[in-house]
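The structure appears right after this line, and notes come after that.
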Amino acid sequence: MIELTDEILAKVIKKRKKASYKGTYGRLLVIGGNRQYGGAAILVTTSAVYSGAGLVSVALAKENHSALQARLPEAMTLDFDDLIKLREVAKAADVIVIGPGLGLERLDLLTEVLNLLTENQKLVIDGSALTLFAREHLDLPFPENTVFTPHEMELERLSGLKIGQQTKEEVQDFVNQLGAIVVAKSSETRIFAPNRESFILKIGSPAQATGGMGDTLAGMVGGFLAQFHGETEEVVAAATYLHSLIASVLARKTYVVLPSRLIEEIPLFMKKYEC
């Protein structure tokens, strides 16, 4: 496994060109935020915006629109039950992030996205959508453009591998069959791509062990994929590394790293490492 260092940030994060506009940095759609899970939608959307995605829309339960708009006026909102509008926005997106706060009763939205997806779009599957995908044994239309972000229990559901069986070799074999990138979150997060050398993070902190941290990572991965066009595995690795790097720095002075606090630091760290 290749241990990730700051070099991945300098390789992926590019200085913005003078002659560019918001469309240059990608269109991203978040789908999640069911009635009781509005916070997840706020975190994933905010982290995508702060990571630099050019245009971010979020499809969520109508009850959560006001809270998100008050917190993040930079994002556009739509009702995830308005399928006509959802299809319109989804077709225009470069990246779709689905799952944070979605709820296990919204299989219909996941299947809708899988049916709409084109070969020119990237898909990040997280949270509830990951569990639904595993439970329903769904198929990926374009696995090479798909990223899963499971924690260990979600990886068990997805792969059938018990937590104690999730060795490098076993997970790599599963990923080779799946055909997609898998960010296997743990105390030493690993990033697997089909038939390629995997990455491992030796940084991070137990201060990250708090609700919403995974939502924040999903938004960062989506935001990076929307604007940076290198090797997909490396772009995902850079977002994942930066997430843990920021947490490690903040943990020097605070017992718990709140996702909202981590998000504030994203553009500052990106500026430091732009190349």
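For all residues, glycine too, the Cβ spot is worked out from N, Cα and C.
Since the structure is predicted, the reported quantities are computational estimates derived from the model, not experimental observations.
Copied over from Swiss-Prot, here are the features:
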- 5-273: domain 'YjeF C-terminal' (DOMAIN)
- A40, G103, H151, D215: (6S)-NADPHX binding site (BINDING)
- G214: AMP binding site (BINDING)
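Features recorded in Swiss-Prot, as mapped to the structure shown.
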residue: A40; record: (6S)-NADPHX binding site; CB count, 10 Å: 31
residue: G103; record: (6S)-NADPHX binding site; CB count, 10 Å: 20
residue: H151; record: (6S)-NADPHX binding site; CB count, 10 Å: 18
residue: G214; record: AMP binding site; CB count, 10 Å: 25
residue: D215; record: (6S)-NADPHX binding site; CB count, 10 Å: 30
| field | Among A40, G103, H151, D215, the record's (6S)-NADPHX binders - longest CA distance, Å | value | 17
| Local confidence of the domain 'YjeF C-terminal' (5-273) - pLDDT mean | 97
